[in-house]
Amino acid sequence: MTYNDTLIRASYKQETDHVPVWYMRQAGRYDPEYRKIKEKYSLLEICRQPELAAEITMMPVRKLGVDAAILYSDIMNPVASLGVDFDIVKNIGPVIDNPIRSKADVEKLRPIDVDKDLSHIMETIRILDKELEVPLITFAGAPFTIASYLIEGRPSKSYILTKTLMYSEPEVWKLLMDKLGDMVITYVRSHIENGGKAFQLFDSWVGALAPKDFQTYVLPTITRIFAELSDLNVPKIYFPGVSSGELLPTLKELQADVIGLDWRVSIAEGRKRTGGKFAVQGNLDPYILTAPMETIKQYAKELIDEGIREPGYIFNLGHGLFPEASLDKLKELTDYIHEYSAAALKNK
Ligand code: CP3
């Protein structure tokens with residue numbers, strides 16, 4: 001098989017013979033084989049075994065035939081190197097015993113040391129670089145999203161403690177954003193040096209902010225991250241997470257290639273709001289996957305018809321896959337996306 005670079009081409013708005021597809025959280029619990037591995041090891045234990053982490057990364061590529069792999073890891077992994085102890089607790093998510101809530105807590109965060117603390121993740125990337133025939137997407141959590149876990153100590157719905165710090169102590173907040181921005185830049189650079197072929201910045205929860213506050217408290221750091229990584233010759237994806245439609249017009253100057261959309265904004269509207277500059281990725285509501293196959297295909301068809309009106313479209317969900325999703329349906333959907341989009345692009 002020859003190397004499939006469709007994702008890279010679509011990210012740069014070049015012509016492709018089909019629409020590339022991958023799914024956020026495609027390595028995971030909907031797959032019985034993965035669940036079996038999880039009976040033996042925790043996520044963090046798997047990440048410390050590069051051969052196993054690489055194998056799990058490749059499973060959805062083999063089983064679904066997607067056009068990209070996404071590194072099996074978690075957005076929390078690099079914060080261990082800053083000196084933060086955390087755990088990923090079943091059915092909850094990231095949990096931190098000593099949350100970061102004061103100036104002293106933020107000042108204590110160390111700079112990331114990839115060689116000392118995260119060499120296992122770089123080894124996983126090197127293994128995958130040898131094995132894969134599709135691009136490997138690596139990723140980092142964006143500063144707001146990481147900060148929300150560090151400050152709340154666990155997943156939150158209101159982000160009350162995060163917003164309290166942001167609005168009450170803007171200098172401490174800025175120091176935290178600066179430190180997390182530095183972490184992302186160093187970490188992502190290492191990913192690409194070790195063989196990553198694209199990266200996505202996950203800002204899953206930043207849609208909790210009004211556009212004005214996003215611009216004041218978060219966007220300067222996002223802008224700096226993409227500017228400082230602009231020399232890397234790989235597609236750069238920003239996913240502003242759920243409910244981020246109102247933030248899209250603020251992203252126009254970002255030095256990214258692709259913007260990920262959630263399902264509340266159409267592909268055409270997402271393009272319009274971001275000034276037509278970026279390729280777009282998304283945005284099927286993941287829970288549509290619970291519908292009958294014919295309904296799923298109808299939604300996918302409409303998305304593809306809209307997506308291919310302009311160059312630069314990558315099929316994805318609007319947020320991550322959930323554990324109850326069906327492997328068989330995902331396989332059928334992936335095949336359908338490939339077949340239908342190839343025919344539609346030919347007839348264009
Ligand atoms: O996409 C992939 O398949 C690659 C692996 C990946 C994981 N986490 C593995 C994981 C990726 C890209 C992530 C990113 C991540 N982690 C995000 C951004 C994406 C998003 O969904 O918005 C966030 C917010 C996290 C933090 C996190 N980690 C949460 C909220 C949870 C879920 C808790 C739960 O049990 O539902 C985790 C745990 C986690 N990370 C799992 C996986 C496969 C599930 C638990 C497990 O299998 O151990």
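Count begins at 1; order follows the chain as displayed.
Each Cβ is built from the backbone N, Cα and C atoms, and glycine gets one as well.
Residue counts for the domain 'Uroporphyrinogen decarboxylase (URO-D)' (20-29) under DSSP, helix first, then strand, then coil, are 0 helix, 1 strand, 9 coil. According to TrEMBL, the feature domain 'Uroporphyrinogen decarboxylase (URO-D)' maps to 20-29.
The annotation substrate binding site is assigned in TrEMBL to Arg25, Gln26, Ala27, Gly28, Arg29, Asp74, Tyr149, Ser204, His319. Cβ contacts within 10 Å of Asp74 (site 'Transition state stabilizer'), excluding its own Cβ and spanning all protein chains shown: 18.
According to DSSP, Asp74 (site 'Transition state stabilizer') sits in a coil region rather than a helix or strand. As annotated by TrEMBL, site 'Transition state stabilizer' applies to Asp74.
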Cβ neighbours of His319 (substrate binding site) where a neighbour is any other Cβ within 10 Å: 22
Inter-residue C-alpha distance, Tyr149 (substrate binding site) and Asp74 (site 'Transition state stabilizer') (nearest angstrom): 13
Arithmetic mean of per-residue pLDDT over the domain 'Uroporphyrinogen decarboxylase (URO-D)' (20-29): 95
Site with most surrounding Cβ atoms, counting all protein chains shown within 10 Å, from the binding-site residues Arg25, Tyr149: Tyr149
Cα distance (Å, whole number) from Asp74 (site 'Transition state stabilizer') to His319 (substrate binding site): 15
